Amino acid sequence: MQIANANRLTPYLFLAPAALVMTVALLYPIGYMIYASFLDWNPSQRIGEAEFVGLRNYINLLSDAAFLESFFVTLKFAAVVVSIEMVLGVGLALLLDRNIRGMSVLRTLFILPMMIAPIVVGLMWRYMYHPSVGIFNRTLKSLGFEPIPWLSDGSWAFASVVIADIWQWTPFIFILSLAALQSLPQSAMEAARIDGATGWRQIVYIKLPLMMPVLIVTLLLRLIDAFKVLEVILVLTNGGPGLSTEILSLRISRTASEFRELGEAAAMSNYLLILLVILTFAMFAYNKAVEARTARLRKAAQEGS
Amino acid sequence: MPRIVFDQVSKSYGAVEVLPPFDLSLDDGEFTVLVGPSGCGKSTTLRMLAGLETVTSGEIYFDDAPISKLDPKERDLAMVFQDYALYPHMNIAKNMSFALRLARVPKAEIETKVQRVAEMLNIAHLLDRKPAELSGGQRQRVAMGRALVRDAGTFLFDEPLSNLDAKLRGKMRAELAEMRDTIDKNMVYVTHDQVEAMTLGDRIVVMSDGLIQQQGSPEELFKSPVNTFVAGFIGAPTMNFVDGELVEEKGTLWARGDGFALPLPEEAGARLATAQDRHVTIGLRPSSFTTDLTRGAPIELKVVVSEYLGAQSVLVTRCGGAEILVETQSAAPVRAGTEQAFGVLTDEIMIFDKTSGLRL
Ligand SMILES: Nc1ncnc2c1ncn2[C@@H]1O[C@H](COP(=O)(O)OP(=O)(O)O)[C@@H](O)[C@H]1O
Ligand SMILES: [Mg+2]
């Protein structure tokens, strides 16, 4: 009895150090941030000196036009980039899922953008978007078109950061889709060909439905990431012109460093955190639902046989 | 229901030629079985016919029309796969009606067709289920049903029963045999199991190493195999092969081996006269032995093991250095470890060339 108990405790004993480190390294900062969001806290004060203001920061933010604007920009940015990236990534995967010579080289090339550090991507695109010496405007000029105010006009600036993000993150969706495609049951695909589904119809009726579980998880992962975007936009536009590209992470960093409102910045972070937690739970819930369904089907099959 | 002709068709994967050029014609309305050991190219042949693999050279004709460049869907055929290849995300009704829906057949017609086939195959109560909810045997029926609903001119089967357990396989084999007689279509059936081939085929094509060894009715293959491969592949238990020679004595040709000498019938003797004094392989089917000594040429065998199979027993015996399987009625029990005299039905003896393996 004693030994059995000890045996059952062993795994927890071994996990304890890791759990401790996790708690300190992960929960402490989060707890700190949550606590800070209830303070009116100026960076020149120590945290103990800051005044406790309850939910005031949260309530203030709800009527803060600049915060709402930046929240909206973030939503718009995430929605636009993820939609376009999904279409392009899945489309490319469908296009390149064949065994032609040179295809593996092509696939590798498509994955490269994802591997570049975001800061570098930002710098690279900033040079390309440069109003006079950037490749885009030079090309336009040599073709006899007007130059485009890539980063200096509100709408164009938004489009520019969207394009840079798509360039960098479409590969992510591409490789996951390609992996999903290549693990589809080959014989079902052949059966579909014999049944008369070729080209588009095979994609619509067989491939996409079978890829759907992977696509949904990919979409949620990408969405979570898109809400946290920072570096590329920081380098490209730093949120401007005006507030046209000021996504939440930028707003948070400015609130903390420029406006010196640590409490408010923490409250903003928590709003973002809540959004991300909802998305993450959506993803887990979806995975659980899929697992439960598979288990139910398997059980039914065993009963049927 | 086209007449299918393979004309000098070959298949290579890169530099590897898995099927050298071959000719094969399958008659209208025939149930053809391609049979051979694993890896001999049966599936490749079937898949070229289906359009899932390209032909490397040669041409396949349906009623004189070349089809090797056509898409699978333009060939008017239905196929049953070894792993069933059901669409996991569609229920059984949707699985079965997929081809018809793509062809924009009216809804009511689809429903009656699916219902009819589902009832025929005893799967009508499963139509709302997903494939994952079915047992192996049920999935197999659905795969069959999906092909039947199509009403295509040609049906292709690639080892459709090999994933079932032995009992279920026997049952499905019997049902298939029944279906074969009610459905008047071209059927091409691939299997590595000679029992399946013998029970189902109107015509059997025996393949080995990418080559067609022989084709013919089950009876032809059993009674007159052209070489040792076909002789050994068709029939269970398998044929015994013993080294020996042909010698003439007192006007009769004898097949003589280590520990036995069997007189060949006159007609065979005349045919084999030219092979006299040659070293040969003597083929004896286990069923060619009898315990009724008045009916055959006598042979002494030492019984090593007796495998009781019910009405029949298979005896593992020795004769000189060779091991010989003998099939007997269990009613006449034979004890292991004894020397026993048997009769050999001499007109069933087969003589093969020792080096080429060809029937003499
Ligand atoms: N896609 C392929 N690439 C290379 N070799 C193949 C391919 N498919 C089959 N083969 C080879 O062709 C031969 C015949 O295969 P197959 O037709 O599947 O045999 P089976 O008679 O068992 O159905 C085998 O030796 C196999 O290794
Ligand atoms: Mg095969």
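Placed from the backbone N, Cα and C atoms, the Cβ positions cover glycine too.
Per TrEMBL, these features apply:
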TRANSMEM  A:12-35  transmembrane segment
DOMAIN    A:71-283  domain 'ABC transmembrane type-1'
TRANSMEM  A:77-96  transmembrane segment
TRANSMEM  A:108-128  transmembrane segment
TRANSMEM  A:156-181  transmembrane segment
TRANSMEM  A:202-224  transmembrane segment
TRANSMEM  A:268-286  transmembrane segment
Within the same chain, the residues 6 or more beyond the ends of the transmembrane segment (A:156-181) and with Cβ under 8 Å of it are 73, 76-77, 80-81, 84-86, 88-90, 92-94, 96-97, 107, 110-114, 116, 118, 121-122, 125, 129, 148-150, 207, 211, 214-215, 218, 222, 225-226, 229, 232-233, 236-237, 240-241, 244-245
Within the same chain, the residues 6 or more beyond the ends of the transmembrane segment (A:108-128) and with Cβ under 8 Å of it are 92, 96, 134-136, 151, 160, 163-164, 167-172, 174-175, 230-236
If one takes Cβ-Cβ under 8 Å and requires six or more residues beyond its ends, the residues near the transmembrane segment (A:12-35) are 266, 269-270, 273
The answer for the transmembrane segment (A:268-286), taking Cβ pairs under 8 Å and residues 6+ beyond its ends, is 30, 33-34, 37, 58, 61, 67, 71, 74, 216-217, 220-221, 223-224, 227-228, 248-249, 251-252, 255
